[in-house]
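Visitor: Below are the features I grabbed from TrEMBL:
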COMPBIAS  1-27  compositional bias 'Low complexity'
REGION    1-68  region 'Disordered'
COMPBIAS  38-54  compositional bias 'Low complexity'
DOMAIN    71-106  domain 'EF-hand'
DOMAIN    138-173  domain 'EF-hand'
Amino acid sequence: MSFFSKKPRSSSSSSSYAPSAPSLPESYDQRGQAYSTSHQSNHSQQQQQQSYYGQGNGGGSSYGHSGFPPGTSPDVIRSFVMVDRDRSGFIDENELQQAISSGYQRFSIRTIRLLMFLFKNPHDPLRFGPKEFAALWGCLGQWRGIFERYDKDRSGKIDLFELRDALYSLGLAIPSSVLQVLISKYDDGSGRRIELNFDSFVE
């Protein structure tokens, strides 16, 4: 998704570090268990809120970990701190893969490397700092919202036509011939209809 020159609609994200990311679908906040935007500091309420990609706009403490943009969700910070085992304030590609993968969605190391290139730290291109991690987390949430919106059968995968509609929603009118080339990269040779999971969609 990072190889097209036309920028999608501008995001409402306050992070100037993130690439142009699509706006969230209107239905996403209703479905995504998003964090409250109120600035309540009640710790028990924060514990009840569920973690998900992109939910990084609520107030909360920084757990003593500096470098994150103001207002970064405690869950985003916690995910970073948990994999930053040497407490250097930076994570490598394997630690990033662990941080953003979950039980139902694991990102390939190829996708991780593409994301690290797209969001690269200008001072250390082989590692992510808090600023890059927070920016990536926010964009993943937006891309996940787009993916789920066009995964109409809720299979966890999208086909050629759903991919076309999803890319169009990002402001990318891709010719059918180009779409065929893109999706053919994921043909496993079985003769079955080619479908993309979220990892392939991000890539």
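The backbone N, Cα and C atoms fix where each Cβ goes, and this holds for glycine too.
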Visitor: For the domain 'EF-hand' (138-173), how many residues does DSSP put in helix, in strand and in coil?
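Guide: The counts are 23 helix, 1 strand, 12 coil.
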Visitor: Taking DSSP states H, G and I as helix and E and B as strand, how many residues of the domain 'EF-hand' (71-106) are helix, strand and coil?
Guide: 18 helix, 3 strand, 15 coil
Visitor: Where does the mean pLDDT land for the domain 'EF-hand' (71-106)?
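Guide: Summing pLDDT over the domain 'EF-hand' (71-106) and dividing by its length gives 89.
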